[in-house]
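Engineer: According to Swiss-Prot, the protein has these features:
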BINDING   Lys575  ATP binding site
MOTIF     40-51  motif ''HIGH' region'
MOTIF     572-576  motif ''KMSKS' region'
Amino acid sequence: MGNYGTTVDEKWQKKWEESGLHNFDENAPGEKLYVLEMFSYPSAAKLHAGHWFNYGPTDSWARFKKMNGYNVFQPMGFDAFGLPAENFAIKTGIHPQDSTMKNIENMEEQLRSMGAMFNWDHEIITCLPDYYKWTQWVFLKLYEKGLAYRKNAPVNWCPSCNTVLANEQVLDGHCERCDSLVEKKALTQWFLKITDYADELLEKLDGLDWPEKTKAMQKHWIGKSKGVEATFKVENSDITFDVFTTRVDTLNGVTYVVLAPENELVDSLTTEENKAAVEAYKIEAQKQSDIERQSSTREKTGVFTGSYAINPINGNKVPIWVGDYVLATYGTGCVMAVPAHDERDYAFATKYDLPIVRVIEGGDSLPFTEYGSLVNSGEFDGLYGEEAKEAIVKKLQEQKLGNWKVNYRLRDWLVSRQRYWGAPIPVVYCDKCGTVAVPEEQLPVELPYNIEFTPDGKSPLSKSEEFLHTTCPKCGGHAVRETDTLDTFVCSSWYYLRYVDNNNSEKAFDIDKVNKMLPVDKYVGGPEHACMHLLYARFITKALRDMGYLNFDEPFTSLTHQGLILGPDGLKMSKSKGNTIAPDDYIKEYGADVFRMYLMFGFAYSEGGAWSDDAIKSMSKFVDKVERILADSRTQMADSKNTKTTIEKAEKELNYTRHYAIQHVTEDTEKFQFNTAIARIMEYTNSLSKYLNEENLNVEFLKEALTDYIKLLAPFAPHFSEEQWELLGNTSSVFTTSWPKFDPKALVKDEVEIAIQILGKIKARMNIATNLTDEEIKEAALNNETIKGLLEGKNIIKVIVVKGSLVNIVAK
């Protein structure tokens, strides 16, 4: 065992703090670089391996960039509101504020022990009034611009958490938090109009340095599609409804239409004899989430209303059904069905014995879903694809029964939560004035501490008379406060702005400061946030830009996702499986740098993998080996026998490995390919060890090589490297020095090893100068003592020279 361990960690953490090494100065030289890891939720008392895998390697990247001359801003904070703390309070009786702040205290200590260069002076905690005051301000600004509104809507309701869930928080019909089956419930809720920015959210994606998969997920979630909205009239009625379709060329093949169970027309369209069946079906549909209802693997079901609609293009009468695979919140809440040319419609029609009419030629069997010439389409027969669409839309336009339409899958962002532990929505309701925004000077609307937060389906804040009753800011009369709280994603939708100016008590942020520091240059976090946090933050940035507060379009210029660290059994870590890894235990045994380097060397950063105790032991042995080599190097430099001043073969070999390492550690670290970067450092380590075995060493050259070695190692093992840097005789931090410069000339070798073959079989190897001609290489090969002996008495027919690689001799 070497000397490295937590004692060294603590020594350097103290020195860094005392010297203010990691304090950020916006006026310091160097190009600004805003590096941000997604802040953690303090739902547990300790950081887990996943936190470390996000924060440790990203800090190494930030240190690397600092040594490359960047002025790095790397803040840290806590996403402190949310359900887990409230659920923990319900279970234990410990108040969410108390448990959250205690957890934050523990996690701050752990984050400091990591040795990351976080700018703690810029810390934010979203559950504190000095932060959520400004979350409320953001909400009010959206409200002023008409981007926040209230409406009655069917929502996802978790009966266990007793709160509304956004669509993104429902996984396969279950609550992502507690796995309960999600139900549908009609409630008056607050929404943010993210749909106003649908086009820009889509169009600006391609210009971002983000993983393609994440961009594809956002594109799918926004779901822009160009099609046609056609109007169907209900038979013997004044009622009409619209359907949206991207395949208007198949309109003649419509044999039935389907309405969402929640569609307000269903009750008026359902005949008396069908009412019982339709009502029963509606009740069942309420138990399903939107995502579950649209699952491609789930069998589609429906029930007939008893009414008929008229196809606008051919006048045919088609039955009106109710089906839960149609959503009231998507498109018009009504769809036309063309079973001959749509797989879902075909399965539904076959199940319920509904007509199937081919209107497109092609394919050996139905359903045929490609484009083709129209048949059974009257005046449109023979038309193909876009030509057919144009002709049909023209007729619909003439009859005022349809037109071109762009549709989106994206829905407005539901932000109301019927829970306690969140930012109160800054709105009051007055009998005289209606809905009134709380004036900015009255912010924050603070959460009361003494509250009954046991869930019963009502907002806990509604049970606090002190909180509930207030004065109307407009008329001075009695008013009641909004008792829902904001979705925690509202808090995290703008936090990257507050970091820059976190102590500002007059504004959410200083406009000049934010526009100087933003956007975030490198953002690192999990891919699970693709359609929630990452989308919401983009929306809020654009909204604040349009209000004049920001001068940039996107919050995060470059995005990197870390992979997942699994348990030793290869499964996702969980307490119930007993496969969790406690970083503190390993840090205590091996030190923070061994833990950090294991995470970076043991896994491809974007992929992750299964934890291995054997692998972290191997990394500990490697650090011990480095410590021995560096100690031996210092001894050799002090030894008077080492008098060499020339650069000869041994020095050239080490210099080659040195610059090869500089080149590839630089390139790989830049791309977050830490495992291969550390592999190059390991090769450099072996070359150093080999050089130390030389009889006479060039001490000046060795010191240069060691200086570059420690610099290369520093971002990956910051405490250990600072210690070795000091032992080398330096008085300033290694992180105030410049990154080693790669010299391409060092990779041009004076000699190269070649193989010598006879009749295609290798018989010898030899080193030759790299500047020899083919004739000189041939002569050198034939004069090799081993080859001369093997060729004795033989006739040389031909000698083939492959420069820099081999010589093949053909002889008989």
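Glycine residues also receive a Cβ, built from the backbone N, Cα and C atoms like all the rest.
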Engineer: Give me the DSSP three-state residue breakdown of the motif ''KMSKS' region' (572-576), ordered helix, strand, coil.
Structural biologist: 2 helix, 0 strand, 3 coil
Engineer: Between 0 and 100, where does the mean pLDDT of the motif ''HIGH' region' (40-51) sit?
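Structural biologist: That stretch averages a pLDDT of 83.
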Engineer: Once the chains shown are all counted, how many other Cβ atoms turn up within 10 Å of the Cβ of Lys575 (ATP binding site)?
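Structural biologist: A 10 Å sphere around the Cβ of Lys575 (ATP binding site) contains 8 other Cβ atoms.
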Engineer: Is it possible to list how many residues within the motif ''HIGH' region' (40-51) are helical, extended or coil according to DSSP?
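Structural biologist: Counting residues per DSSP class in the motif ''HIGH' region' (40-51), I get 3 helix, 1 strand, 8 coil.
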